[in-house]
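Features as listed in TrEMBL:
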ACT_SITE  THR220  active site, nucleophile
BINDING   ARG248, VAL249, GLY250, ASP251, THR271, GLY272, ASP273, GLY274  substrate binding site
SIGNAL    1-24  signal peptide
Amino acid sequence: MATRIQPVTSIFIFILLFTGSGIGSLGQQYQLVVSTWPFVEAVRAAWRAVDNGSSAVEAVVEGCSACEELRCDGTVGPGGSPDENGETTIDAMVMNGVTMEVGAVAAMRYVKDGIRAARLVMQHTKHTLLAGEKASDFAISMGLPGPTNLSSLESIEKWKKWKKDRCQPNFWKDVVSADRCGPYHPKNDTQHSMGACSNVDLMGTMNARSFHFGHHSHDTISMAVIDKMGHVAVGTSTNGATFKIPGRVGDGPIAGSSAYADAEVGACGATGDGDIMMRFLPCYQVVESMRQGMDPKLAAKDAISRIARKFPDFIGAVFAVNKTGVHAGACHGWTFQYSVRSPEMHDVQVFTVLP
(Lines of atoms letter the chains of each structure in order from A; the text may use other names.)
(Lines give C-alpha, C1' and ligand atoms only; values in the text may rest on other atoms or scores of the structure.)
Protein backbone atom coordinates (compact mmCIF):
# COMPACT_ATOMS: atom_id res chain seq x y z
CA MET A 1 0.00 0.00 0.00
CA ALA A 2 1.32 3.43 -0.89
CA THR A 3 1.00 6.13 1.77
CA ARG A 4 1.50 9.84 1.64
CA ILE A 5 0.97 12.64 4.10
CA GLN A 6 -1.93 14.99 3.35
CA PRO A 7 -3.87 17.76 5.12
CA VAL A 8 -5.68 16.94 8.34
CA THR A 9 -8.96 15.36 9.57
CA SER A 10 -10.30 11.93 10.78
CA ILE A 11 -12.94 9.33 12.03
CA PHE A 12 -10.90 6.57 13.68
CA ILE A 13 -8.83 7.71 16.64
CA PHE A 14 -5.90 5.91 18.21
CA ILE A 15 -3.89 7.38 21.02
CA LEU A 16 -0.82 5.42 21.85
CA LEU A 17 1.97 5.95 24.36
CA PHE A 18 5.32 4.65 23.26
CA THR A 19 8.20 3.73 25.52
CA GLY A 20 11.73 3.57 24.24
CA SER A 21 11.93 1.17 21.34
CA GLY A 22 9.49 3.13 19.18
CA ILE A 23 9.70 6.60 17.74
CA GLY A 24 11.16 8.14 20.88
CA SER A 25 14.62 7.75 22.35
CA LEU A 26 15.41 4.99 24.84
CA GLY A 27 13.30 5.28 27.98
CA GLN A 28 11.19 8.16 26.65
CA GLN A 29 7.42 7.97 26.91
CA TYR A 30 4.98 9.93 24.82
CA GLN A 31 1.56 9.72 23.22
CA LEU A 32 0.36 9.09 19.70
CA VAL A 33 -3.14 9.56 18.24
CA VAL A 34 -4.24 7.72 15.10
CA SER A 35 -7.72 7.97 13.62
CA THR A 36 -9.56 6.80 10.51
CA TRP A 37 -10.49 9.50 8.05
CA PRO A 38 -9.63 13.19 8.36
CA PHE A 39 -11.67 14.25 11.40
CA VAL A 40 -9.17 16.75 12.72
CA GLU A 41 -11.14 18.22 15.60
CA ALA A 42 -11.88 14.79 17.05
CA VAL A 43 -8.20 13.88 16.89
CA ARG A 44 -7.25 17.18 18.46
CA ALA A 45 -9.72 16.65 21.31
CA ALA A 46 -8.28 13.21 22.03
CA TRP A 47 -4.74 14.57 21.79
CA ARG A 48 -5.43 17.42 24.22
CA ALA A 49 -6.82 14.95 26.74
CA VAL A 50 -3.97 12.48 26.62
CA ASP A 51 -1.31 15.18 26.41
CA ASN A 52 -2.74 16.72 29.59
CA GLY A 53 -2.39 13.44 31.44
CA SER A 54 -5.79 11.79 30.93
CA SER A 55 -5.94 8.01 30.81
CA ALA A 56 -6.14 6.18 27.52
CA VAL A 57 -9.81 5.39 28.07
CA GLU A 58 -10.64 9.00 29.00
CA ALA A 59 -8.86 10.33 25.92
CA VAL A 60 -10.68 7.90 23.63
CA VAL A 61 -14.01 8.99 25.11
CA GLU A 62 -13.12 12.67 24.61
CA GLY A 63 -12.11 12.13 20.99
CA CYS A 64 -15.13 10.05 20.01
CA SER A 65 -17.45 12.38 21.91
CA ALA A 66 -16.10 15.36 19.95
CA CYS A 67 -16.88 13.52 16.72
CA GLU A 68 -20.41 12.78 17.95
CA GLU A 69 -20.96 16.45 18.79
CA LEU A 70 -19.60 17.53 15.41
CA ARG A 71 -21.67 14.84 13.68
CA CYS A 72 -18.64 13.84 11.65
CA ASP A 73 -19.64 13.23 8.02
CA GLY A 74 -23.22 12.75 9.22
CA THR A 75 -22.32 9.17 10.10
CA VAL A 76 -21.30 9.71 13.74
CA GLY A 77 -23.57 11.00 16.49
CA PRO A 78 -27.22 12.08 16.17
CA GLY A 79 -28.93 13.45 13.10
CA GLY A 80 -27.70 11.04 10.44
CA SER A 81 -28.14 7.61 8.82
CA PRO A 82 -31.89 7.09 9.22
CA ASP A 83 -33.12 3.50 9.31
CA GLU A 84 -36.12 2.24 7.30
CA ASN A 85 -38.45 3.94 9.78
CA GLY A 86 -36.58 7.24 9.50
CA GLU A 87 -35.04 6.92 12.98
CA THR A 88 -31.38 7.45 13.90
CA THR A 89 -29.86 5.07 16.45
CA ILE A 90 -26.36 4.81 17.92
CA ASP A 91 -23.74 2.06 18.18
CA ALA A 92 -20.60 2.62 20.29
CA MET A 93 -17.85 0.73 22.07
CA VAL A 94 -14.85 1.36 24.34
CA MET A 95 -12.14 -1.18 25.21
CA ASN A 96 -9.37 -1.03 27.80
CA GLY A 97 -6.35 -2.80 26.31
CA VAL A 98 -4.76 -3.33 29.74
CA THR A 99 -7.67 -4.99 31.56
CA MET A 100 -9.42 -6.18 28.35
CA GLU A 101 -12.70 -4.77 29.69
CA VAL A 102 -15.26 -3.70 27.08
CA GLY A 103 -18.39 -1.58 27.32
CA ALA A 104 -20.74 -1.17 24.36
CA VAL A 105 -24.21 -0.06 23.32
CA ALA A 106 -26.04 -1.10 20.15
CA ALA A 107 -29.12 0.21 18.35
CA MET A 108 -29.48 2.72 21.19
CA ARG A 109 -32.43 5.10 20.84
CA TYR A 110 -33.06 8.55 22.34
CA VAL A 111 -29.52 9.10 23.75
CA LYS A 112 -26.96 10.98 21.66
CA ASP A 113 -23.85 10.26 23.77
CA GLY A 114 -22.91 6.84 22.44
CA ILE A 115 -19.30 6.62 23.61
CA ARG A 116 -20.14 7.93 27.10
CA ALA A 117 -22.94 5.38 27.39
CA ALA A 118 -20.51 2.64 26.36
CA ARG A 119 -18.06 3.73 29.03
CA LEU A 120 -20.83 3.66 31.66
CA VAL A 121 -21.55 0.05 30.68
CA MET A 122 -17.87 -0.77 31.26
CA GLN A 123 -17.65 1.21 34.50
CA HIS A 124 -20.84 0.25 36.24
CA THR A 125 -21.90 -3.19 34.98
CA LYS A 126 -20.39 -6.64 34.63
CA HIS A 127 -21.83 -6.83 31.10
CA THR A 128 -20.14 -6.04 27.81
CA LEU A 129 -23.02 -4.92 25.56
CA LEU A 130 -26.46 -3.39 26.11
CA ALA A 131 -28.88 -2.95 23.21
CA GLY A 132 -31.96 -1.12 22.06
CA GLU A 133 -34.34 0.90 24.18
CA LYS A 134 -33.11 -0.77 27.38
CA ALA A 135 -29.63 0.56 26.64
CA SER A 136 -31.25 4.01 26.43
CA ASP A 137 -32.98 3.50 29.78
CA PHE A 138 -29.65 2.49 31.33
CA ALA A 139 -27.79 5.50 29.92
CA ILE A 140 -30.45 7.96 31.10
CA SER A 141 -30.58 6.34 34.55
CA MET A 142 -26.81 6.83 34.79
CA GLY A 143 -27.15 10.56 34.17
CA LEU A 144 -26.80 11.07 30.41
CA PRO A 145 -29.23 13.51 28.77
CA GLY A 146 -32.40 12.04 27.27
CA PRO A 147 -34.76 11.01 25.96
CA THR A 148 -33.86 13.02 22.85
CA ASN A 149 -35.04 12.79 19.26
CA LEU A 150 -31.89 11.73 17.38
CA SER A 151 -33.26 12.61 13.95
CA SER A 152 -32.49 15.88 12.18
CA LEU A 153 -34.08 17.84 9.36
CA GLU A 154 -31.38 16.45 7.06
CA SER A 155 -31.91 12.83 8.07
CA ILE A 156 -35.70 13.12 7.73
CA GLU A 157 -35.39 14.71 4.27
CA LYS A 158 -33.00 11.95 3.20
CA TRP A 159 -35.49 9.34 4.43
CA LYS A 160 -38.44 11.00 2.65
CA LYS A 161 -36.51 11.04 -0.64
CA TRP A 162 -35.65 7.36 -0.18
CA LYS A 163 -39.33 6.55 0.38
CA LYS A 164 -40.24 8.42 -2.83
CA ASP A 165 -37.61 6.31 -4.62
CA ARG A 166 -39.59 3.20 -3.60
CA CYS A 167 -37.21 2.43 -0.72
CA GLN A 168 -34.26 1.63 -2.96
CA PRO A 169 -31.57 0.60 -2.28
CA ASN A 170 -32.23 -1.43 0.85
CA PHE A 171 -30.73 -4.32 2.78
CA TRP A 172 -33.33 -7.01 2.03
CA LYS A 173 -32.66 -10.07 -0.12
CA ASP A 174 -34.63 -13.05 -1.36
CA VAL A 175 -37.97 -11.49 -0.37
CA VAL A 176 -41.19 -10.44 -2.05
CA SER A 177 -43.56 -7.58 -1.31
CA ALA A 178 -46.70 -6.09 -2.78
CA ASP A 179 -45.11 -2.72 -2.12
CA ARG A 180 -41.39 -2.08 -2.73
CA CYS A 181 -41.29 -0.56 0.77
CA GLY A 182 -42.60 -3.68 2.50
CA PRO A 183 -43.77 -5.49 4.45
CA TYR A 184 -41.49 -8.22 3.09
CA HIS A 185 -41.96 -11.98 3.05
CA PRO A 186 -39.56 -14.82 2.19
CA LYS A 187 -39.66 -16.12 -1.35
CA ASN A 188 -41.48 -19.42 -1.62
CA ASP A 189 -38.99 -21.56 -3.47
CA THR A 190 -37.35 -24.86 -2.67
CA GLN A 191 -33.82 -23.49 -2.79
CA HIS A 192 -34.42 -21.09 0.07
CA SER A 193 -36.50 -23.47 2.13
CA MET A 194 -33.47 -25.79 2.05
CA GLY A 195 -31.28 -23.00 3.39
CA ALA A 196 -29.26 -22.42 0.21
CA CYS A 197 -28.05 -18.94 -0.65
CA SER A 198 -28.61 -17.91 -4.26
CA ASN A 199 -25.98 -15.18 -4.05
CA VAL A 200 -23.09 -17.61 -3.52
CA ASP A 201 -21.30 -19.03 -6.56
CA LEU A 202 -19.42 -22.33 -6.77
CA MET A 203 -16.14 -20.62 -5.89
CA GLY A 204 -17.53 -19.61 -2.51
CA THR A 205 -17.48 -15.88 -3.20
CA MET A 206 -20.38 -13.47 -2.73
CA ASN A 207 -21.88 -11.27 -5.41
CA ALA A 208 -21.78 -7.48 -5.00
CA ARG A 209 -23.65 -5.97 -2.05
CA SER A 210 -21.50 -3.06 -0.89
CA PHE A 211 -23.23 -0.49 -3.11
CA HIS A 212 -24.78 0.88 0.10
CA PHE A 213 -21.44 1.91 1.50
CA GLY A 214 -19.32 4.94 0.87
CA HIS A 215 -17.49 7.63 2.79
CA HIS A 216 -20.68 9.66 3.26
CA SER A 217 -23.31 6.90 3.51
CA HIS A 218 -21.83 4.89 6.35
CA ASP A 219 -18.83 5.18 8.59
CA THR A 220 -17.39 4.83 12.06
CA ILE A 221 -15.07 6.70 14.36
CA SER A 222 -12.85 4.35 16.29
CA MET A 223 -10.09 5.32 18.72
CA ALA A 224 -7.09 3.86 20.43
CA VAL A 225 -4.96 5.47 23.11
CA ILE A 226 -1.69 4.70 24.72
CA ASP A 227 -1.33 7.21 27.52
CA LYS A 228 1.62 8.39 29.60
CA MET A 229 1.36 5.25 31.73
CA GLY A 230 1.64 3.01 28.69
CA HIS A 231 -2.03 2.03 28.79
CA VAL A 232 -3.88 1.36 25.52
CA ALA A 233 -7.57 1.86 24.78
CA VAL A 234 -9.79 1.90 21.70
CA GLY A 235 -13.27 3.24 21.08
CA THR A 236 -15.83 3.56 18.30
CA SER A 237 -19.04 5.45 17.59
CA THR A 238 -21.40 5.41 14.61
CA ASN A 239 -25.04 5.91 13.69
CA GLY A 240 -24.79 2.92 11.39
CA ALA A 241 -25.74 2.15 7.81
CA THR A 242 -28.20 4.45 6.06
CA PHE A 243 -31.66 2.85 5.57
CA LYS A 244 -30.69 -0.19 7.65
CA ILE A 245 -33.40 -2.60 8.76
CA PRO A 246 -34.55 -1.42 12.23
CA GLY A 247 -32.74 -3.37 14.93
CA ARG A 248 -29.62 -3.88 12.84
CA VAL A 249 -26.35 -3.88 14.78
CA GLY A 250 -23.18 -3.27 12.79
CA ASP A 251 -19.56 -3.88 13.63
CA GLY A 252 -19.18 -0.64 15.61
CA PRO A 253 -19.96 -2.09 19.06
CA ILE A 254 -18.25 -5.44 18.39
CA ALA A 255 -14.80 -5.73 19.98
CA GLY A 256 -12.37 -7.29 17.52
CA SER A 257 -14.30 -6.10 14.50
CA SER A 258 -14.41 -2.28 14.51
CA ALA A 259 -11.49 -1.96 16.92
CA TYR A 260 -9.29 -3.96 19.24
CA ALA A 261 -6.46 -3.22 21.65
CA ASP A 262 -3.95 -5.15 23.69
CA ALA A 263 -1.37 -3.12 25.59
CA GLU A 264 1.20 -5.89 25.05
CA VAL A 265 0.88 -5.65 21.25
CA GLY A 266 -0.86 -2.55 19.89
CA ALA A 267 -4.21 -1.66 18.38
CA CYS A 268 -6.34 -1.67 15.25
CA GLY A 269 -9.32 0.22 13.85
CA ALA A 270 -11.65 -0.66 10.98
CA THR A 271 -14.27 1.05 8.84
CA GLY A 272 -16.50 0.07 5.94
CA ASP A 273 -19.15 -2.56 5.28
CA GLY A 274 -19.62 -3.72 8.86
CA ASP A 275 -22.06 -6.51 8.04
CA ILE A 276 -19.30 -8.20 6.06
CA MET A 277 -16.31 -7.20 8.15
CA MET A 278 -17.75 -8.35 11.49
CA ARG A 279 -17.81 -11.91 10.15
CA PHE A 280 -14.01 -11.87 10.07
CA LEU A 281 -13.10 -9.85 13.22
CA PRO A 282 -10.39 -8.04 11.24
CA CYS A 283 -9.03 -5.98 14.13
CA TYR A 284 -8.64 -9.02 16.34
CA GLN A 285 -6.85 -10.65 13.41
CA VAL A 286 -4.54 -7.66 13.00
CA VAL A 287 -3.54 -7.58 16.66
CA GLU A 288 -2.99 -11.33 16.79
CA SER A 289 -0.89 -11.19 13.61
CA MET A 290 1.26 -8.47 15.17
CA ARG A 291 1.54 -10.60 18.31
CA GLN A 292 2.99 -13.36 16.13
CA GLY A 293 5.60 -10.98 14.74
CA MET A 294 3.97 -9.44 11.63
CA ASP A 295 4.70 -5.77 11.07
CA PRO A 296 1.61 -3.50 11.02
CA LYS A 297 1.56 -3.07 7.24
CA LEU A 298 1.57 -6.81 6.55
CA ALA A 299 -0.92 -7.49 9.36
CA ALA A 300 -3.34 -4.90 7.95
CA LYS A 301 -3.03 -6.20 4.39
CA ASP A 302 -3.47 -9.80 5.54
CA ALA A 303 -6.68 -9.02 7.45
CA ILE A 304 -8.21 -7.18 4.48
CA SER A 305 -7.19 -9.86 1.98
CA ARG A 306 -8.90 -12.57 4.08
CA ILE A 307 -12.19 -10.72 3.59
CA ALA A 308 -11.61 -9.88 -0.08
CA ARG A 309 -11.03 -13.52 -0.98
CA LYS A 310 -14.59 -14.36 0.07
CA PHE A 311 -16.26 -11.01 -0.69
CA PRO A 312 -14.35 -9.46 -3.61
CA ASP A 313 -16.79 -6.54 -3.89
CA PHE A 314 -16.77 -5.50 -0.25
CA ILE A 315 -15.64 -2.00 0.76
CA GLY A 316 -13.55 -1.53 3.87
CA ALA A 317 -10.25 -0.65 5.50
CA VAL A 318 -8.18 -1.14 8.63
CA PHE A 319 -5.20 0.53 10.16
CA ALA A 320 -2.75 -1.05 12.55
CA VAL A 321 -0.47 0.46 15.18
CA ASN A 322 2.04 -1.57 17.15
CA LYS A 323 3.25 -0.69 20.63
CA THR A 324 6.45 0.85 19.24
CA GLY A 325 4.53 3.41 17.19
CA VAL A 326 4.77 1.91 13.71
CA HIS A 327 1.47 2.41 11.87
CA ALA A 328 0.05 1.36 8.51
CA GLY A 329 -3.25 0.93 6.69
CA ALA A 330 -4.85 -1.35 4.14
CA CYS A 331 -8.08 -1.02 2.18
CA HIS A 332 -10.25 -2.65 -0.45
CA GLY A 333 -12.77 -1.02 -2.79
CA TRP A 334 -12.01 2.59 -1.88
CA THR A 335 -9.20 4.98 -1.04
CA PHE A 336 -8.70 5.13 2.71
CA GLN A 337 -7.33 7.89 4.92
CA TYR A 338 -6.26 7.82 8.53
CA SER A 339 -4.95 10.58 10.79
CA VAL A 340 -2.00 10.70 13.14
CA ARG A 341 -0.88 13.09 15.89
CA SER A 342 2.37 12.73 17.84
CA PRO A 343 4.52 15.11 19.92
CA GLU A 344 6.84 15.52 16.94
CA MET A 345 3.96 16.92 14.84
CA HIS A 346 2.68 20.48 15.03
CA ASP A 347 -0.81 19.25 14.15
CA VAL A 348 -2.66 16.20 12.85
CA GLN A 349 -1.33 14.61 9.66
CA VAL A 350 -3.46 12.53 7.32
CA PHE A 351 -2.10 9.48 5.53
CA THR A 352 -3.69 8.14 2.34
CA VAL A 353 -3.79 4.43 1.55
CA LEU A 354 -4.58 3.33 -2.00
CA PRO A 355 -6.44 0.07 -2.75
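Numbers here mean position along the shown chain, with the first residue as 1.
Placement of Cβ uses the backbone N, Cα and C atoms for every residue, glycine included.
Annotated features taken from TrEMBL, shown on the structure.
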| residue | record | contacts (Cβ under 8 Å, 6+ apart) |
| --- | --- | --- |
| ARG248 | substrate binding site | ASP83, ALA107, PHE171, GLY240, ALA241, ASP275 |
| VAL249 | substrate binding site | ASP91, ALA106, ALA107, ALA131 |
| GLY250 | substrate binding site | ASP91, THR220, THR238, GLY240, ALA241, LYS244, SER258, GLY274, ASP275, MET278 |
| ASP251 | substrate binding site | THR220, SER257, SER258, ALA270, GLY274, ASP275, MET277, MET278 |
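Of all the Cβ atoms in the protein chains shown, 30 others lie within 10 Å of the Cβ of GLY272 (substrate binding site).
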